[in-house]
Amino acid sequence: MDGFTDASPQEVLERVSVELGCSPISQEVAAYLDKHDQLQHLRKQFLVPKVSDLPPTDLSLVDGAEDCIYFVGNSLGLQPKLVKKYIDEELDKWAKTGVHGHVEGARPWAWAENNIEDMMANIVGAKVEEVALMNGLTVNLHLLLLSFYKPTAKRHKILIEDKAFPSDHYAVESQIRLRGYAPQQSMLLMKARAGEETLRTEDILDTIEREGDSIAVVLFSGVQYYTGQLFDMATITAAGQRKGCFVGFDCAHAVGNAELRLHDWGVDFACWCSYKYLNSGAGGLAGAFIHEKHAHTVKPVLLGWWGHNLKTRFVMNNEMDLIPGIGGYRLSNQPILLVCSLQASLEVFNQTSMRALRQKSILLTGYLEYLITHYYTKDEANPKKPFVRIISPSNPQERGCQLSLSFSVPIRAVFRELEKRGVACDMREPNVLRIAPVPLYNSFSDVHRFISLLGSALAASSELPQGVKP
Ligand SMILES: *Cc1c(COP(=O)(O)O)cnc(C)c1O
């Protein structure tokens, strides 16, 4: 969106509405923004489910032939159209040539994942030698912690968010126990201030400053899965390392969503899954990063043949020639079908840049925020009117594409009514909806339609006779 680069989303919306001579909440604004969206062609590379194909849809309420509003790419990204072609190619190769597929064709199974690691490295801001595609996210987190978490009596803690994703919480807990320490003493949970939902960077830095001498590893998410908060990874990394800690990030919700500079920030290690914003399909091949500064000093604790130098891997003489850095952490040969789906998605990313995606994302999510604030700010004069509080930070630099919405009314019925109308989103008890407009395939019209459907859903789910209907 040229010419808009320095303006806030609100300024852009107001400027466009003046130009069009309509209100900023008008559908015309969405249509205009879609027309001028230089990334809009990318949506065509994905399979967008139809409203009629989503199981909860009620066809008496909506047109089933329309594309659904898919705002749940933070949980499972859409399928790139090329996935099927690539998987079919490998199935055919297997059928026709059997074991020869290991070394033949466009994707020799024995090193197929190596061919897509450069695209992956680009997305996380790393050198290709700093990235490996392997396993699942939690497995990779464990493998990395085995190397980076070497507790001593003096330095035995892991600093992690209080409400980290359960798998990360369990991984950290079990790693602490594995080393003979007790989570009660060694797991340091970073809590938000009373009455606040997100963590303040100043509080994170204070904790690191105060407790740093006893912290072995600082482990944060890049983007928090529940609140959508984007952490200041560069600042946290520098602060942790100043105190002698290793600093790692779980980038599950940050990869493909925020601009990452893992190398430049000097992050020690990171891991991520690929089925959320990276669209590789459920259980897709996960990623891991170790900074090149550790390539010859930090070693894998557990070894497998896939960590062996590729040139001599198949000589099979049982003398390990370990790949330096993260490459040496590979254990097994990679599942080729998962390489196919991830390749299809990374090729879409490769047609643009994270900078361009992020630029669209800030406006797209800012547009959602603008409309929600317009319709659903608490109205003191009308206390019965449902209102929405946005938990995610209001500063676009402190969030990714997701907005976490907390409702003044019970959320379950609202969620069900949205689902009946062809909206795919995500509910977290007790009262949060997570809404993720993804810049790769969502449009400004999706956001506008969502707001209109939210009005109907609130009206339908509310006992109030006069529902709010934008
Ligand atoms: C999605 C997610 C996971 C899931 O872990 P898997 O090993 O891929 O099942 C873990 N941690 C975070 C922060 C996540 O967002």
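Any Cβ shown, glycine's included, is placed from N, Cα and C.
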Same-site pyridoxal 5'-phosphate binder from W265, W305, given that TrEMBL records L137, T138, F165, P166, S167, D168, S221, D250, H253, Y275, N333: W305
Those binding-site residues in F165, S167, W305 whose CB falls under 6 A of ligand 1, listed in sequence order: F165, S167
Among S167, S221, which are binding-site residues, the residue with the most C-beta atoms within 10 angstroms of its C-beta: S221
Residues near H253 (pyridoxal 5'-phosphate binding site) in space but at least six apart in sequence (CB under 8 A): N74, S221, G222, V223, Q224, Y225, G228, K276, Y277, G400, Q402
Close in space, distant in sequence - L137 (pyridoxal 5'-phosphate binding site), Cβ under 8 Å, 6 or more apart: S167, D250, A252, C271, W272, C273, A286
Surrounding CB atoms that lie within 10 Å of the CB of K276 (N6-(pyridoxal phosphate)lysine), all protein chains: 26
Residue, out of the binding-site residues F165, W305, whose Cβ gathers the largest set of other Cβ atoms within 10 Å: F165
Largest inter-residue Cα distance among L137, T138, F165, P166, S167, D168, S221, D250, H253, Y275, W305, N333 [record-listed pyridoxal 5'-phosphate binders, Å]: 31
